[in-house]
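Peer 1: Sharing a structure, written as structure tokens. Questions coming.
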Amino acid sequence: MRTLFIGDLHLSADRLDITQAFTHFLDTELDDADALYILGDLFEVWVGDDIAAPFALELANKLKQVSLKLPVYFIHGNRDFMLGKQFARAAGMQILPEVTCLNLYGVKTVILHGDSLCTLDKAYQRFRKLRSLALARWLYGCLSKKTRQGIADNIRSKSKSSNKHKSYTIMDVEPNAVNALLARTHAQYMIHGHTHRPAIHQLDNGCKRIVVGDWYQQGSVLSVSPQGIDLQSLPFSPQQD
């Protein structure tokens, strides 16, 4: 009896080794799981359900099989915020609000991707506010596939260049934002990703903030059970089929 949390896999056609590792995880690690939560950035980029790459469609079929055995939940990240109902249905995933509260074996828990907590990054927060507008998302969806892909590639390039010049503090969550969300939700645990800095933080207010890691060099999964929390690393195996 346990609930699993992952995020920041950044799956792409350029890194099929990560997709292979994730498929291996789905095949081998879920037998005793009550649910699987994917906390955003499942894909490196997602410009619309109508442009899903072949590897993504294969993954949808795999997740659909998993969803027949246990519920699979998804929260949008900053890379896959355009992932829609069409793909979610194909994958058997239920899309959750960007901030969701759970009762995890008697412990009130708030889960989210985590980018909303990086409030010191003013430029990114302005972009995040714009992209959250329904009108902006609708207009983007009306563009041609080629134009959407070009815009996404341009944003990724600028983001990568900009992040090289940002400090560690700006790129991390802001403590006041963390405390405010915990106070608003009355949660004891906060679980998020985004920062790629896996850790279990014991806060001064008695709460815990748990950060799931990325899947660039190895897998990262958080297991929560009635016995407690366990943040695990999953080495990529060359023997994965």
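Each Cβ is built from the backbone N, Cα and C atoms, and glycine gets one as well.
Pulled the feature table from Swiss-Prot, pasting it below:
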type: BINDING; residues: Asp8, His10, Asp41, His196; note: Mn(2+) 1 binding site
type: BINDING; residues: Asp41, Asn78, His113, His194; note: Mn(2+) 2 binding site
type: BINDING; residues: Asn78, Arg79, Asp121, Ser159, Asn163, Lys166, His194; note: substrate binding site
Peer 1: Which one is closest to His194 (Mn(2+) 2 binding site) in space, judged by CA to CA distance, out of the binding-site residues Asp8, His10, Asp121?
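Peer 2: Ranked by Cα distance from His194 (Mn(2+) 2 binding site), first place goes to Asp8.
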Peer 1: Around the recorded Mn(2+) 1 site, report the further residues of that chain (criterion: Cβ within 8 Å of the mean position of the Cβ atoms of Asp8, His10, Asp41, His196; site residues excluded), sequence-ordered.
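Peer 2: Neighbours found: Gly7, Leu9, Gly40, Gly77, Arg79, Gly193, His194, Asp214, Trp215, Tyr216.
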Peer 1: Tell me which residues of the chain lie with their Cβ under 8 angstroms from that of Asp41 (Mn(2+) 1 binding site), as long as they are six or more apart in sequence?
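Peer 2: Counting only residues 6 or more apart in sequence, the Cβ neighbours of Asp41 (Mn(2+) 1 binding site) under 8 Å are Gly7, Asp8, Leu9, His10, Gly77, Asn78, Arg79, Asp80, His113, Gly193, His194.
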Peer 1: For His196 (Mn(2+) 1 binding site) and Asp121 (substrate binding site), determine the Cα separation and express it in whole Å.
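Peer 2: Pair distance, Cα basis, whole Å: 16 Å.
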Peer 1: Around the recorded Mn(2+) 2 site, report the further residues of that chain (criterion: Cβ within 8 Å of the mean position of the Cβ atoms of Asp41, Asn78, His113, His194; site residues excluded), sequence-ordered.
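Peer 2: Here the nearby residues are Gly7, Asp8, Leu39, Gly40, His76, Gly77, Arg79, Gly114, Asp115, Gly193.
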Peer 1: Looking only at Cβ atoms, how many others are within 10 Å of the one on His10 (Mn(2+) 1 binding site)?
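Peer 2: If we count other Cβ atoms within 10 Å of His10 (Mn(2+) 1 binding site), we arrive at 20.
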Peer 1: If you count, for each of the binding-site residues Arg79, His113, His194, His196, the other Cβ atoms lying within 10 Å of its Cβ, which residue has the minimum?
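Peer 2: Comparing Cβ neighbour counts within 10 Å for the binding-site residues Arg79, His113, His194, His196 gives His196.
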Peer 1: Return the residue, from the listed binding-site residues Asp8, Asp121, with the maximum count of other C-beta atoms within 10 angstroms of its C-beta.
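Peer 2: The residue with the most neighbouring Cβ atoms within 10 Å is Asp8.
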